[in-house]
Amino acid sequence: METANYTKVTEFVLTGLSQTREVQLVLFVIFLSFYLFILPGNILIICTIRLDPHLTSPMYFLLANLALLDIWYSSITAPKMLIDFFVERKIISFGGCIAQLFFLHFVGASEMFLLTVMAYDRYAAICRPLHYATIMNRRLCCILVALSWMGGFIHSIIQVALIVRLPFCGPNELDSYFCDITQVVRIACANTFPEELVMICSSGLISVVCFIALLMSYAFLLALLKKHSGSGENTNRAMSTCYSHITIVVLMFGPSIYIYARPFDSFSLDKVVSVFHTVIFPLLNPIIYTLRNKEVKAAMRKVVTKYILCEEK
């Protein structure tokens with residue numbers, strides 16, 4: 001890449017979601033409500049799984065890790081977005097932008113890999129029930145979770161490494177409420193086609209391949225379960241769990257594919273999809289998993305009664 005005497009950009013200006021004051025106040029109330037549900041909701045999931053002796057299966061261990069990632073993921077953009085609703089000029093430093101990029105892709109990719117691990121867990125539980133405890137032992141679960149985090153870290157490092165080598169000489173306005181690669185690449189003062197191609201292959205291709213693989217695996221499991229649909233409550237519970245996982249997979253991978261598996265051009269739906277991806281999706285995880293899982297709901301009631309209500313008395 002050619003070097004020149006560029007005026008180095010030290011900060012980026014975010015356009016936000018709306019310029020209308022009334023709309024900003026409404027959005028602030030809505031997103032603050034979401035965030036205040038995401039944090040305690042996922043913390044309650046983690047505490048319930050940690051404290052209840054009956055929730056010791058690998059599925060709940062993975063669910064606790066998913067809840068932790070949701071807390072982290074929502075906290076990357078939500079706090080600054082909420083503050084920016086009351087700021088006339090929404091600014092983020094270059095370093096802050098790079099940090100936001102890194103953690104978004106680190107946590108987001110880790111969550112995708114973790115969902116893949118959860119699909120393998122369901123496969124072992126349904127197809128190899130007699131050997132499930134041996135196959136999905138705690139040691140293997142810890143290794144798979146660690147590999148998910150490591151995969152997310154490597155993916156994020158690649159994305160950030162491609163961004164920091166680009167020159168930025170102005171303009172410095174990002175048509176978004178947070179720093180994302182698709183926006184930052186667009187304002188670089190250089191030909192970014194090679195970088196875009198690598199990013200699309202890294203983010204977009206991974207999303208598409210994982211999404212197709214996950215849908216195929218769950219379709220196979222559901223077809224297998226439907227053959228034994230009259231065999232009892234355990235089969236119905238397994239089908240319910242699979243439907244929950246499929247819902248999460250679609251909600252996670254759909255927006256990601258829309259954003260990253262195409263050229264980084266601007267479209268009218270970009271902000272809406274980004275809001276769904278960064279704010280609404282972490283909200284749906286605890287709702288879907290708790291509402292469709294009787295064991296988790298019962299355990300949550302016990303934890304709330306024992307550790308919260310009793311202390312208040």
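Just so you know, glycine gets a Cβ as well, placed from its N, Cα and C.
Membrane topology per Swiss-Prot: GLY16 and ALA299 sit on opposite sides, carrying different topological domain names. Residues 59, 108, 111-112, 115, 118-119, 122, 125-126, 180-182, 199-200, 203-204, 207-208, 210-211, 214-215, 218, 221-222, 225-226, 229, 269-270, 273-274, 276-277, 281, 284-285, 288-289, 292-293 of the same chain lie 6+ residues outside the transmembrane segment (238-260) yet bring a C-beta within less than 8 angstroms of a C-beta in it. In this chain, the transmembrane segment (196-219) lies apart from the transmembrane segment (58-79): fewer than three C-beta pairs between them fall below 8 angstroms, excluding pairs fewer than 6 positions apart.
By neighbour count, meaning other C-beta atoms within 10 Å, the densest spot among the disulfide-bonded residues CYS97, CYS189 is CYS97. Long-range Cβ contacts of the topological domain 'Cytoplasmic' (121-139) within its own chain (Cβ-Cβ under 8 Å, at least 6 residues beyond either end) map to 58-59, 61-62, 217-218, 221, 224-225, 238, 241-242, 245. Counted with DSSP, the topological domain 'Cytoplasmic' (50-57) comes out as 2 helix, 0 strand, 6 coil. Helix, strand and coil counts under DSSP for the topological domain 'Extracellular' (261-271) come to 2 helix, 0 strand, 9 coil.
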